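Asks: Sharing a structure with you now.
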């Protein structure tokens, strides 16, 4: 009976290892987005919070690799917090996207002219790259949050 319970543990361990890999990828992506967005306060703050959360959740992910069945509440808590971070990072990406569109095209009703016509095209592409990095980190966080498998654990009689 104990060998059957241990077989499920190896599957959970692979899920936890994949989750750790996704956390590291999200840390890299949010760090790049924070570095690229130094002028945009909201985007920097949101990605900084997400990066800090990901760094703080690494020990819990490593613990879940070593002991997959020890505390199932850890996985639930991480899943909920991952979804909160997805919402924050997505909000930052949307805010940066709106600023990008207004700066690029202007707004005729508000009598705003295009800002990008006064600068070279490289700064325009830098902001576009920032938005893509933020969206990429949001997608990685979303995939990480959906990675958790909820399955019924076999009870040992």
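Each Cβ is built from the backbone N, Cα and C atoms, and glycine gets one as well.
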Asks: From the ranges 62-82, 83-103, pick the one that Swiss-Prot records as transmembrane segment.
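Replies: So the range that Swiss-Prot calls transmembrane segment is 83-103.
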Asks: On the question of membrane sidedness, does Swiss-Prot record residue 105 and residue 12 within identically named topological domains?
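Replies: Each on a different face of the membrane, per the record.
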